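Straight from Swiss-Prot, the features:
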BINDING   12-18, 40-42, Arg304, 330-332, 412-414  GTP binding site
BINDING   Asp13, Gly40  Mg(2+) binding site
BINDING   Asp13, Glu14, Gly15, Lys16, Asn38, Ala39, Gly40, His41, Thr129, Arg143, Gln223, Thr238, Arg302  IMP binding site
ACT_SITE  Asp13  active site, proton acceptor
ACT_SITE  His41  active site, proton donor
BINDING   Val298, Val299, Thr300, Gly301, Arg302, Lys303, Arg304  substrate binding site
Amino acid sequence: MANVVVVGSQWGDEGKGKIVDWLSERADVIVRYQGGHNAGHTLVIDGVSYKLSLLPSGLVRGKLSVIGNGVVVDPHHFVAEVEKLRGQGIDVTPDVLRVAENAPLILSIHRELDAMREGSNSGLKIGTTKRGIGPAYEDKVGRRAIRVIDLTEPETLRPKVERLLAHHNSLRRGMGLEEIAVETILTELTSVADQILPYIDQVWRVLDERRKAGARILFEGAQGALLDNDHGTYPFVTSSNTVAGQAAAGSGLGPTAIGYVLGITKAYTTRVGEGPFPTELNDEIGEFLGTKGHEFGVVTGRKRRCGWFDAVIVRQTVRTSGINGIALTKLDVLDGLEEIKICVAYKLDGKRIDYLPSSMGAQARVKPIYETLPGWSETTAGARSWNDLPAQAVKYVRHIEELIGAPVAMLSTSPEREDTILVTDPFHD
């Protein structure tokens, strides 16, 4: 049985929540391996909506759910999200939820620093959620982070906090902010320790044992591959690696355990926040896609930018993430359009190119080269087989497969999990 990594193939918001929920019914273990509570997703089960941003989707189905070491954990948000799920009737206990003991913590100083930087009139606005994700990763790389396991050792926690604040207070002085006392952070941590410590574990061992026992493991990615810190539209990216390779590093399970990479791909393109977007539509078609597709962020409520499908960036993600097949989502949003365009290449300084360049200036200058396909007037909403789809919709899907170099393994035609056409089961070897 193959273990499956789910990765967004664009800039996030591709509809991973529904697909992960669909797959989680077939999985035994669900793992979050990167990011924090900055990327949300909505699950709709029996008419009830569950909005998650930190906890793995498998909790809603009672499956063992793991927060890996690649995730930065806001302990107060963790507690709040657990309580919210319990309020919706979901049983959340250490039997079904584990947190990597070596996961770094997000603290109030990270949130304040994030907001201060993003709100500054000087410098480059990245479009962060101001939830402290980036500064927490900075401290991890700088080897001064407070990790979950540190909450179990009060005798070593104080010197670690002192070292952390030596760095942060120097930053705060430069920004004209009041310095933070060691006791303030210690109180912040000890106030929540008893609520998070029952869930901690050496998750790499848990996952290795489950793998050897034949469990199906689903790795749940957040955001999208074009927000990857290395392979995305830098600097308009997130602070972690979002490509499929991070599933191994962010969970402690070796890369040979990964059997199938599923790229979640929207039938058009959206982006939240700043950064290049070659196929963006600032016209009535863009408004149509945003309105019909309900394109507003789960976490921030921010309106998403919308545009035509960009085969260049998805083809690039297929390569950088080793995608075996895609789950194409929101095809129904395109219903009713007379014609549909697909970006097949870019023009950069008069030259045709088939990739997204790495430099910020070049990314801003690329112009899309489009192919135009006829649309369809019939509905695709709720389709559960290829025979239910209009002929032109099938042609659109097949053309996407050709352009990106990967087959459609799943096709989603509404937010409801049953409205899914399965072509290839990712869990089958």
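Each residue, glycine too, has its Cβ placed from N, Cα and C.
Location within the structure of each feature annotated in Swiss-Prot.
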residue : record                 : DSSP class
Gly12   : GTP binding site       : coil
Asn38   : IMP binding site       : coil
Gln223  : IMP binding site       : coil
Gly301  : substrate binding site : coil
- prompt: For the recorded positions listed here (His41, Lys303, Arg304), which one has the lowest count of neighbouring CB atoms within 10 Å of its own CB?
  reply: Lys303
Task: Return the member of Thr129, Lys303, Arg304, Leu331, Thr413 nearest to Asp13 (Mg(2+) binding site) in space, with distance defined Cα to Cα and candidates limited to these binding-site residues.
output: Arg304
Query: Same-chain residues six or more away whose CB lies under 8 A from the CB of Gln223 (IMP binding site)?
result: Gly8, Trp11, Gly12, Gly35, Asn38, Ala39, Thr238, Thr242
- request: With an 8 Å cut-off on Cβ-Cβ distance and a minimum sequence separation of at least 6, pull the same-chain contacts of Thr413 (GTP binding site), or say none.
  value: Leu331, Asp332, Thr380, Ala381, Gly382, Ala383, Arg384, Asp419, Thr420, Ile421
- prompt: Could you give the maximum C-alpha to C-alpha distance in Å for the residues Asp13, Glu14, Gly15, Lys16, Asn38, Ala39, Gly40, His41, Thr129, Arg143, Gln223, Thr238, Arg302 that bind IMP per the record?
  reply: 34
- request: Work through the recorded positions one by one (Gly15, His41, Thr42, Gly301, Arg304) and name whichever has its CA nearest to the CA of Thr129 (IMP binding site).
  value: Gly301
- prompt: Taking every protein chain shown into account, which of the binding-site residues Gly12, Gly15, Gly40 has the largest tally of Cβ atoms within 10 Å of its Cβ?
  reply: Gly12
Entry from the binding-site residues list Asn38, Thr42 having the most other CB atoms no farther than 10 A: Asn38
- request: Specify the nearest of the binding-site residues Gly301, Arg302, Lys303, Arg304 to Thr42 (GTP binding site), where nearness means the distance between Cα atoms.
  value: Gly301
For Lys18 (GTP binding site), nearby residues of its own chain (Cβ under 8 Å, 6 or more apart in sequence): Leu43, Val44, Thr329, Ser412, Pro415, Glu416, Arg417, Thr420
Task: Go through the recorded positions His41, Arg302, Arg304 and tell me which ones have a CA within 10 A of the CA of Gly15 (GTP binding site).
output: His41
